[in-house]
Structures are given as C-alpha cells and as structure tokens.
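Inspection log for the structure reproduced underneath, given as structure tokens.
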Amino acid sequence: MLKYFGTDGVRGEANKVLTPEMAFKLGRMGGYVLTKEKEDGGQARVLVSRDTRISGEMLEHALISGLLSVGIEVLECGVMTTPGLSYLVQAQGADAGVQISASHNPVEDNGIKFFGSNGLKLSDAKEEEIEELIDTKQDMLPRPSAEGLGTVTDFRDGSNKYIQFLENTIPEDLSGIKVVIDGANGAASAFISRLFADLDVDFTTISTHLNGLNINDHCGATHTARLQEEVVKQGAQLGLAFDGDADRCIAVDENGNEVDGDHIMYVIGSYLADHGRLKKDTIVTTVMSNLGFTKALERRGIKNVRTQVGDRYVSEEMRANGYSLGGEQSGHVIISDYHNTGDGMLTGLHLMLVMKKTGKSLTELLADFKEYPQVLVNVPVKDKNSWKNHQAVVDAIDSVEKDMAGNGRVLVRPSGTQELLRVMAEGPTQEITQEYVDRIVKVVTTEMGE
C-alpha cells in the first residue's frame, strides 16, 4: 500500500497536505528516479505544467526547484491540460513530465502526477521507489553545483504543437454542428477558442473566465447543470464539458440530457466498428460501466472487457492486448490510435466527427442504448478491505445476485481514498435496484459499521 501516491498521483489540500516542502521532495526524488538511468549520459529533460488553481504556481516553483537540484533541465509549459503534457513529453523526446493538478477536485486541493518518457503514468513500483527516497532519514541524492545544476526553459509555446496534433486527428472541418463548450474554468479554457475556431465549429463557451479560484466550481464534467440549460436555451446540437485538467469529457445531447463516458464510447466505438477500425471489436471499460452498455454492445457484435477502477488499468489492458478504445463512465476516454491517455478535447472532437459523418443527432446515435437504473451507497466501515471475510456480507450479495437471475449486477468494492465500502447495483427498475442495495447495506452496516 503506497503512502503518498493514490490512484492518480499525489493529492491533497494545497499548502496543508500537499505543501511546497512536499512538492520540492517530489521534484527532487521523483526527478532522480525517472532520469537516473538516462542512457546517453546527457542532461535529463523534464516537462512541467499545471492547471489554473491559485496554488499551482506555488507548487510549480517548489517542484521545479527540486528538479533543478538534481541537475535536470526543466521545460516550463505553464498552463496545460494533462493529456497535452503527456503528448508533449513524447513529441519532445523528454525523459519525463510532471503535471500539477487535482483534476476534477475542488480548488482547495492540488496534485502532482508524474509521466514517464512514454507519456504514461508511472507503475506502482516506480511510485514506491520515489516514496522510499522521500521517507529516507538522510537525503543521499547527488547535489551538483555550478554547471551541474539544472536550468529552466520557457516552453509555453508547446501548446501550439498540442493544438496542431488535435487538429490533425480530424480529417475534415466540423462545420454544421452547433456546440456549447464548458471549460470548467480549467486548463482547457486557454485552448478551446483557438482549437474549435480552426475547425470551423459553430460554438459558444461557458466557464472559461479564469481567476485561480473558480476551477470546477459548479461547472465542468462533474457539474453539468448549467451546460444542460445552455444547450437547450441556445438550440445547440451538443454540449461538451471538460474537467479541470481536461482529461475527461462529458457530453450533453440536443435535449439537454447528460451523456456520460459509457454513452460516448458506445457512439465512437459503434462508428469505428462499422468502418472496420475498432481493433478486435472490443471496448475496454472498468467494472463501473453500466450493464446496459455491455448489452448494447453485444447487440452490435462488440465485446466489452472490464478492468478494476482507474484509467491506468484501462490503459494497461489496452496496451497489453492491442485494443484501440477504452475508458471510464466518468468521461476518461482513450482513443489509442491517436493518444495513449484519456484526452477530453480529443474525445469531444471525435464525438462531433461521428455526428457529422453520420448526419445523426446524439439521441439517434444512442437509440439502442438502454441504461439500467443504478444505485450506489457509500457505507462507512471500520475496515473496508475485510468485507470478503464477513460471511454474512458475502451471503447477502449472493442472495441478491440469485434474485437478479441475470437481469442485473452487484459490485462491492472499497473506496480508494476513504474508509468506505461502496455498494452498487444495477437492475430492471429503480425501485427494485434500491431494494437490492438496501438489503446488502443493512448487512454491511451490522457486520462492519463504525
């Protein structure tokens, strides 16, 4: 069990949990681990970027100081999306990248996420190596001086390369589709107008007024209410919402209904399959994807491979078996023909491309997708990882699954960040599904409750 790194890097309340001191250590120790085996013996290069949080610059300066202290050349990208940084690390042939962002979390939080030279998140083993160095009582890492110290190069124009990359994935303009775009007052906000104007999109934007304090504040991929209203009000065919670092995309259809990652993958995957471009006719998702998604894919002859929760695990499964599309219900979508990580803006563009190529609305494209009602309850418990040892809990789950008779599913899993057990079920109706969950929750509370 890692001490500092969670499922998406190191996160916490900025200046209290994630302090400048910790950022310095992460820069120093992380930079060393990622560049110590540089084969050509030259100076290592690491790209650093951040989202729009007020704490970003504070942590950025501390992190960069740590990198410089072990002799690393830093390319400072300024405000950049997380997938944008991942792309630039590969495009520049850099040794690593570091993104300062807490993604969809509130402004009080921030995070530090490392990428290897391949633009991918680090393995658990690499993160563990960094943690061991952080916790070592005496810092024995190299301390170069004079010409051995690292330097900083301004690389804010790297955003131009990233935008050009996104545009090059679209074979034609996207004129004829009216779209409202929610930038979450985050990293994508700086690039939306340039990107969508270049592709002749008829678009308006909301939540792109940056002040360092309003990122994800009742906007973006986790708060789509305003976007839903604007799509209907403006008579748009589509709404696109990104989160703070734009690795997610959630859509809104022409009627103002939210369209999550499952639905987006269904639309893009169906189009790719119809044109022989969905590798192995398979879409990779996590265990959280709706049962209706799997059944809709089956009707189209598309397979659904599931992993544990986390886009890292989706990405690993895709790379290991040569799949080309995968993601999460939350809006992380990986289109590996173009990028090896979830990219909200790339996802939004390709959703629009399917609409233009088919001449269909989102409602029409999703006509065969019948979502199963889902109920999720988070139960406070004493030991979230011990639930399988409680026979009464196991029996309650088995009883519910037997009653479902194949027309539903149960998923019980520990929270990745809190002492909670998540009990989720999907079934034929909301009422029946709620009853299923209540039965399990009652037993969990009795057996494991605080």
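Using N, Cα and C of the backbone, Cβ positions are placed for all residues, glycine too.
With Asp243, Asp245, Asp247 listed by Swiss-Prot as binding Mg(2+), the candidate from Ser86, Ser103, Ser386, Ser399 annotated for that site turns out to be Ser103. A straight line from the CA of Ser103 (active site, phosphoserine intermediate) to the CA of Asp245 (Mg(2+) binding site) spans 5 Å.
Here the Cβ of Asp243 (Mg(2+) binding site) has 34 other Cβ atoms within 10 Å, regardless of which shown protein chain they belong to.
Around Asp247 (Mg(2+) binding site), the C-beta neighbours below 8 angstroms that are at least 6 residues distant in the chain are Thr81, Thr82, Pro83, Ser103, Asp311, His332, Thr341, Gly342, Asp343, Gly344.
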